[in-house]
Amino acid sequence: MGTAPAQLFPEFIVDTLGLDSVIGEVAASLVAAFVVGNIILAFTGVAGPWAKRKITAAFTDRIAVDRIGPFGLLIIPAAAIQLLAKELIIPEGVDRPSWDIAPIILPSSALLGFSVIPMGQLGPINLHLADPEVGFALVFAFASIASVSLVMAGYASNNKYSLLGGLRAVAQNLAYEIPLIVTAMSVVIFSGTLQMSGVVGAQTETLVTIAGVSIPSWYALVNPFAFVLFLTANMAEIGRNPFDIPEAPTEIVGGYQTEYSSAYFVLFYLGEFVHIFLGGAILAVTFLGGASGPGPESISFIWFVVKIWGFFLFTQWARAALPRVRIDQLIEIGWKGMLVLSFANLVLTAVIVGVIA
Amino acid sequence: MSLERPDRVDDDAVERTPDELEALLGDLVVDRDDHLNAPGFVIRPDTVQETLRTLKEQAGYDHLSVVSAQEYENRYESIYHLKKYDDPTQEVSIVVPADKDDPVSESAEPVFRTADWHEREAYDLIGIEYDDHPDLRRILLPETWQGHPLSMDYDKDRPQIATLPEHANPLEDHHKDAESDTMFLNIGPHHPATHGVLHLKTVLDGEQVADVEPDIGYLHRSEEQMAQSGTYRHQIMPYPDRWDYISAGLLNEWAYARAAEDLADIEVPEYAQVIRTMGAEMCRIAAHMLALATFALDINGDFTATFMYAINDRERVQNLLEDLTGQRLMFNYFRLGGVVWDLPEPREEFFSKTRDFLDQPPESVEEYHNLITSNEVFQMRTIDTGILPPEVAKNYGATGPVARGSGVDYDLRRDDPYGYYDELDWDVVTEDGGDNFSRLLVRMREVEESAKIIEQCVDLLEDWPEDERNIQANVPRTLRPDDDTEIYRAVEGAKGELGIYIRADGTDKPARFKIRSPCFSNLQTLPEMANGEYIPDVIAALGSLDVVLGEVDR
């Protein structure tokens, strides 16, 4: 195991402010969660109305938003006002309250996932809320709550397109969650722990030294095959191209979000972006050494940001370049391809680790 | 739906004289009513199927281009314009008069599937009823419409009420058993992938399509009637731009120009023909680029780079068209007997711009092949989906890239030459797959062929002697074609055979102006491609048909 895990964020607040009571600890935890949650929401705010447009525009030879503010950045508050000011249309016959709960579940489940993600250090602060021993299992559990929201939205909307989208979402998540987790298990075999700090710590060891530069043993380098599998399953898990079929605007209009407008629509959109970032965070923690990178430990948060934005960029690239697969093909790839490969990877890893170590 | 195909007779391509045809039809022929383009045989309204079957099976007339209908003072009349896919210059018209008081005529649908929609349109607009028609409902106008707008006693002032009834599930009862259930789904008229206002009544069995029925007419603008109230010389030409408005304007204008010029016996100067050919092929590139772009949108999803790349390429040819015609969309560039003005000055600049554009396509086509056609996911999605067998395509009167994607080697530019096409060196593109991928590939390859044609036209125009640059023939100020002359003429539009039927009555306006829209016939094949496929494949099939609703509904 690498360096000892640093003090967690809530503990840091407790120590710094000297809040040595139960109430103090609870307050500190809430403050810490508030800070982390807002960092992620800020990313989403930048990504949704601005970065996504700019990235897509760069891929498609366009300019995109550049009218308001420097580089069009003020489109972010403008879009926020515009989206929230729209009328919330509640269609006849929707199944309330599940129709109202669904858009809340999606972003919250994705935000919950960040509670166990070690996001690296920023100065003296270690942006890591909790580090339970089963953190690795927990993060996948949180991430998969999202499908519940999609099914609820799809079913409660009283719209056939929504229903189709909801059904597609379930089928897709079932088919890809298992390969995703089985591949993640192969990482656990390497690290020998389910604790997030342990998984990250195991990746700081030097894999090989080339010309004085030591390459860390990131699992993406140790087992690239598992990395590719995980990346693919992750794209399906978060529903991005070529696996964006639960939404598939040209086929089923908007899937589960067809009937949502105004604030609810924003919540869905928000949830999707947080989910992309969570997907990136899981990928970073599992395969890319978490927040580690060259330079001092105290700014490792920057590396974390680079990694999750890198993943975001990757999803946008895939969106600009790749065709969408058909629903039956998606299921086939999931159950007949990915599942088999991920188990093969698991067994192989187990054998290799068992023989070598 | 009937897919059976009669055995083909060997002497398909043999050209028969009108008299031989009359002998073949024997007693079926009541009278002769020749049109400018073809011999016409008048038959009794209860012998339509027998006559058409005889012509189809024994004389090889396997292409029912269009059914045009009209009302006279003393009778109704349906005309079946027949052609051969192997040689569209061999034409014959079957004229079927129907009783003025009780206009009933036998349906041709059992012989030619394509007659289904064409006869529904004739029923809708003129009021002729077709016996033995499987589904004689209105097609362009709402079900509740009162009267038939192109009939003589139509009351224009009568208020019309179009109700919005709840859609019934057309298959529910007989498609359901204890284990299965179907779901009725309205795709459109507002849907991201219907390319306009098209309504698909779809019955789903899970994600699979059990039945799909296109419901059209949302963009019906009485184009035929508007043309009938305009004078030949100038007032009709702006309308064709508005049929297939996806920058195929010049191709459409040519359809009217060709029909009217043949009707009024106008000879177009060669120089103008070269300009027309060049402009028309530019339009074809623009139209195919948009088809490619939107097809990528359907398969890849929104925000695909391919869409913008193709739109960019289309933009460049659009700029050339703007230089040439002064307009970007509604060109109104052709005139009867020529074109409205010569190439823009300075000519050298136009030529060099055009050549710059022509140098680019091979490169960009390469990029599209990289991005889509050689992408394995794309191939997975499009190969062997939305299959249209060649015989079915012919039965439905499919033309253009849709027919050529099914291996039907039919292109009016070569088979029924007009303009300057027969002087130039180019190839007709066909693909044998009959699937979504083939249709896309045909369009992409046609872009390259069009580029070849434009290049040759530019060569010709550059060397054209200055004193022979005649862009316009002498045409009388007012055209009054002879009374009771009829003509059907077609050109190869962006989507297929775009034909015009005109009947002149001695005045300066057409008495009947009928548009044969390739999209109308092509769209009819959608159920054949879509039934049993998944929803995404229906969307892909629709995208690969490349229909423009402005042309379907007219």
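Using N, Cα and C of the backbone, Cβ positions are placed for all residues, glycine too.
Listed in TrEMBL:
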TRANSMEM  A:26-47  transmembrane segment
TRANSMEM  A:68-89  transmembrane segment
TRANSMEM  A:134-156  transmembrane segment
TRANSMEM  A:176-194  transmembrane segment
TRANSMEM  A:206-233  transmembrane segment
TRANSMEM  A:263-288  transmembrane segment
TRANSMEM  A:300-318  transmembrane segment
TRANSMEM  A:338-356  transmembrane segment
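Contact check: the transmembrane segment (A:68-89) against the transmembrane segment (A:176-194) gives fewer than three Cβ pairs closer than 8 Å, residues 6 or more apart, which falls short of the contact criterion. Beyond the transmembrane segment (A:176-194), the same-chain residues lying 6 or more positions past its ends with a Cβ under 8 Å from any Cβ of the stretch are 133-137, 140, 144, 202-203, 219, 222-223, 226, 229-230, 233-234, 236-237, 243, 286-287, 334, 338-339, 341-343, 345-346, 349-350, 353. Non-local neighbours of the transmembrane segment (A:26-47) in the same chain are 9-11, 13-14, 17, 19, 76, 80, 111, 114-115, 119, 127, 129, 270, 273-274, 276-277, 305, 308-309, 312; each lies 6+ residues outside the stretch with a CB under 8 Å from one of its CB atoms. Here the transmembrane segment (A:134-156) touches the transmembrane segment (A:263-288). Their Cβ atoms form 3 or more pairs under 8 Å, with each pair 6 or more residues apart.
Using a Cβ-Cβ cut-off under 8 Å and counting only residues 6 or more beyond its ends in the same chain, the transmembrane segment (A:300-318) has close neighbours at 43, 47, 51-52, 55-56, 59, 119-122, 127, 235, 238, 240-242, 276-277, 279-281, 283-284, 288, 290-293.
For the transmembrane segment (A:338-356), same-chain residues at least 6 beyond its ends with a Cβ under 8 Å from one of its own Cβ atoms are 175-176, 178-180, 182-183, 185-186, 189-190, 223, 225-226, 229, 232-233.
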